[in-house]
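Trainee: Dropping the structure in here first, questions after.
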Amino acid sequence: MTQDSRFPNLFILDHPLIQHKLSHMRDRDTSTRTFRELLREITLLMGYEITRNLPMTTRRLTTPLVEIDAPVIAGKKLAIVPVLRAGIGMSDGLLELVPSARVGHIGVYRAEDHRPVEYLVRLPDLEDRVFILCDPMVATGYSAVHAVDVLKRRNVAGENILFLALVAAPEGVQVFQDAHPDVKLYVASLDSHLNEHAYIVPGLGDAGDRLFGTKN
């Protein structure tokens, strides 16, 4: 895991398996089926990385041989909240890692001026939870900021929110950091820039279209 000195709340997950799978996802010739499978796999790997600092405690239990104080995750429960629609493809990998997690959804689409338009919010109970927001792309950053706003408006503290994405543009990361400096943003790659259409370069295209086999 590395950081960029420009963005203190950004963490780049540079594990070789994550980078290998991301490279295959970038390839325009990768099929919809393979893209979908890779998204699940890479999200599972990234989820493993971002949960490594969850607080631990011990629980007394009995093995077939003896009683022990065994390490278990302490305290706050997890909730996975994909940002629709492309974020749906990331929830399976995270649920494979944490099958007991609750799942919510935040529906946002990007208007012609690139601003987010909210059309759906369905969340589990908010008390004493850590929320993992997931969306494959942080391009302009506006949708990511809006998703965090949805939780903060409901009194979820920034320290209890993690945002997980595959690729991000520096422009979007700056917008996110300015709006939510208390929320950690985890990505597999910080790409070069946004083009004139607000697409990430080099990026991987439209993640939703590639995930579902649709055309923009």
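Backbone N, Cα and C define each Cβ position, glycine as well.
The model shown is predicted, which means the values in this text are computed figures rather than measured ones.
Not my notes, these are from Swiss-Prot:
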type	residues	note
BINDING	Arg85, Arg110, Asp135, Pro136, Met137, Val138, Ala139, Thr140, Gly141, Tyr142, Ser143, Asp206	5-phospho-alpha-D-ribose 1-diphosphate binding site
BINDING	Ile200, Gly205, Asp206, Ala207	uracil binding site
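Please situate the listed features within the shown structure.
Mentor: Gly141 (5-phospho-alpha-D-ribose 1-diphosphate binding site) has a Cβ environment of 25 other Cβ atoms inside 10 Å. DSSP assigns Gly141 (5-phospho-alpha-D-ribose 1-diphosphate binding site) to coil in the three-state reduction, placing it in neither a helix nor a strand.
Gly205 (uracil binding site) falls outside any helix or strand according to DSSP and counts as coil.
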Trainee: Nearest by CA distance to Ile200 (uracil binding site): which of the binding-site residues is it, out of Met137, Ala139, Gly141?
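Mentor: So, of the listed binding-site residues, the one sitting closest to Ile200 (uracil binding site) is Ala139.
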Trainee: Measure the Cβ-based neighbour count of Arg85 (5-phospho-alpha-D-ribose 1-diphosphate binding site), defined as the other Cβ atoms within 10 Å of its Cβ.
Mentor: 18
Trainee: If you measure from the Cα of Asp135 (5-phospho-alpha-D-ribose 1-diphosphate binding site), which of the binding-site residues Gly205, Asp206, Ala207 is the nearest?
Mentor: Ala207
Trainee: If you measure from the Cα of Ala207 (uracil binding site), which of the binding-site residues Arg85, Ala139, Ser143 is the nearest?
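Mentor: Its closest listed neighbour, by Cα, is Arg85.
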Trainee: Look at the binding-site residues Asp135, Asp206 and tell me which residue has the greatest number of other C-beta atoms within 10 angstroms of its C-beta.
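Mentor: When each Cβ's neighbours within 10 Å are tallied, Asp135 tops the list.
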